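These notes concern the structure reproduced below.
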Amino acid sequence: MSLRLSFALVGVGGAVGGLGRYALTSAFPEAPGAVPWTTWSINVTGSFLLGLLVAGVVGRRLAPAWVRPALGTGVLGGYTTFSAYAHALDVLATDGHVGTAAGYLVVSLVGGVVAAAAGVALGARLPARTPPAADTGAGGAP
């Protein structure tokens with residue numbers, strides 16, 4: 001796959017993932033001073049899906065080469081967002097909600113790692129796709 005195609009796949013995938021994140025944050029707005037559960041949910045589900053994609057599909061070579069840049073780096077990279085996570089921490093701490101910010105920091109890190117590990121574990125358990133048997137044309141049952 002060419003570098004130009006990889007860039008295009010990441011760009012298109014990032015736009016799709018970003019639109020998904022925007023739709024969720026619009027549908028479930030976060031109240032000032034409260035734990036930003038929408039951002040947390042997006043990042044944790046994205047971590048799970050990335051673990052599942054890498055272990056269950058890409059790691060087993062069950063998908064074409066374009067899948068990882070398009071879905072992993074692109075869609076899931078655009079869907080999850082470290083900048084929104086960091087911004088939420090900054091706003092909480094600046095507004096005097098230091099305890100909430102600290103809790104959100106821990107819950108986000110632990111949640112992301114646990115979700116990614118769960119995705120990897122589930123992906124590793126997916127049945128491997130076996131190639132069809134080659135027809136040798138040597139007779140046998142029809």
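Glycine too: its Cβ is placed from the backbone N, Cα and C atoms.
Remember, it's a predicted structure, so these values are computed and weren't measured experimentally.
Feature annotations, reproduced from TrEMBL:
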type     : residues     : note
TRANSMEM : 37-58        : transmembrane segment
TRANSMEM : 70-89        : transmembrane segment
BINDING  : GLY77, THR80 : Na(+) binding site
TRANSMEM : 101-122      : transmembrane segment
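DSSP assigns THR80 (Na(+) binding site) to coil, not to a helix or a strand. Note on THR80 (Na(+) binding site): other Cβ atoms within 10 Å of its Cβ, all shown chains, come to 21.
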